[in-house]
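Features from Swiss-Prot:
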type: ACT_SITE; residues: 151; note: active site
type: ACT_SITE; residues: 306; note: active site
type: ACT_SITE; residues: 327; note: active site
type: DISULFID; residues: 116-165; note: disulfide bond
type: DISULFID; residues: 148-191; note: disulfide bond
type: DISULFID; residues: 182-236; note: disulfide bond
type: DISULFID; residues: 183-187; note: disulfide bond
type: DISULFID; residues: 213-240; note: disulfide bond
type: DISULFID; residues: 222-227; note: disulfide bond
type: CARBOHYD; residues: 32; note: N-linked glycosylation site
type: CARBOHYD; residues: 69; note: N-linked glycosylation site
type: CARBOHYD; residues: 171; note: N-linked glycosylation site
type: CARBOHYD; residues: 330; note: N-linked glycosylation site
type: SIGNAL; residues: 1-30; note: signal peptide
């Protein structure tokens, strides 16, 4: 009875989210950009100059190799967070923490839980004979001018992977492909964008398999979203590629799905107590040029919505409070794949869309793999 009730609620939630989001399939800030704008290059000398000559910018801009020759349209396709109306969060709890909790002035999940390799895992992609090969699995990944807007799924699976290690000492990498392909309308539209909260609800109701069970590549070469222009959402297969794993046994579950109260103290307390969280924010043109420092919007057009993993906080030498985040665009982007953004001012909306959930012990102690053989950490 309880299971059937959950299924009905799940279906109602799916229809609800579809009705409230069908008007907008391309990110938090899906701007109607002109054809001329979309075909122009995302990296611009004017933006680099304006940021670097601004004494109050607080960060440095550069031509990141990851976006060399990329157009605005190609960059925009990587921003897969769909705007979710506030009404779609009805029934989703908002977590607040005890304000008396003493928090450190600086915190970095990579050092706080140094035994958890998933927290600091970085991807390195190479092009060989027009085939994208992977040397590691990451912070998520850069589709290299691929066209799958799935940051919403990667932000979720990477954060939950970290939380499994923190709570159960289980170094595991969970499958974004499972979420993108099998979550359905509860999560949104797969490669055409999705809801971060939907992914966490999927973990609760259906669980998510490991990267080893459902990876982003096969023995024939590149088969993950992004290898081809306009790659469609992958088909939900519900079977592991690894012969020694069963789909159901590979599932890892979440306990609940919740939003964190948009107060810096609550967000910091959540990360400090439970591990990294998924955050969504609005991306402008200048963000593609980020190299170092504490980012805040300076110049450029609004492009779309992006989801990343928040792993810590601190204060710069200039006295600027910041959040520390892991992006999905490889080590050649930003500060070795990471970036800092201004904390306490809801910069680009980053403090108002923080979501997470707790890991469940279901299936954890059944002898399933505790590390994916397909993964090689790059730290």
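Every residue, even glycine, has its Cβ placed from backbone N, Cα and C.
Computed from a predicted structure; not experimentally measured.
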10 Å Cβ neighbour count around residue 327 (active site)?
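Excluding its own Cβ, the number within 10 Å is 23.
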Please give me the CB contact count at 10 A for residue 213 (disulfide bond), counting all chains in the structure.
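The Cβ of residue 213 (disulfide bond) has 25 Cβ neighbours within 10 Å.
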When neighbour density is defined as the number of other C-beta atoms within 10 angstroms of a residue's C-beta, which of the disulfide-bonded residues 116, 236 has the lowest density?
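Each of the disulfide-bonded residues 116, 236 was scored by Cβ atoms within 10 Å; lowest is 236.
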Which is it, of 151, 182, 183, 191: the one of these recorded positions whose Cβ has the most other Cβ atoms within 10 Å?
151
Roughly how many angstrom lie between the C-alpha atoms of residue 240 (disulfide bond) and residue 151 (active site)?
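Computed Cα spacing between residue 240 (disulfide bond) and residue 151 (active site) is 23 Å.
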Please identify, among the recorded positions 32, 191, 213, 306, the one with the smallest Cα-Cα distance to residue 171 (N-linked glycosylation site).
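So, of the listed recorded positions, the one sitting closest to residue 171 (N-linked glycosylation site) is 213.
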Taking the Cβ of each of the disulfide-bonded residues and counting other Cβ atoms inside 10 Å, which one has the highest number: 148, 165, 240?
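Comparing the disulfide-bonded residues 148, 165, 240, the most crowded Cβ belongs to 148.
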Quick check: of the recorded positions listed here (182, 236, 327), which one has the Cα closest to that of residue 151 (active site)?
327
Under a three-state reading of DSSP, tell me whether residue 306 (active site) is helix, strand or coil.
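DSSP call for residue 306 (active site): strand.
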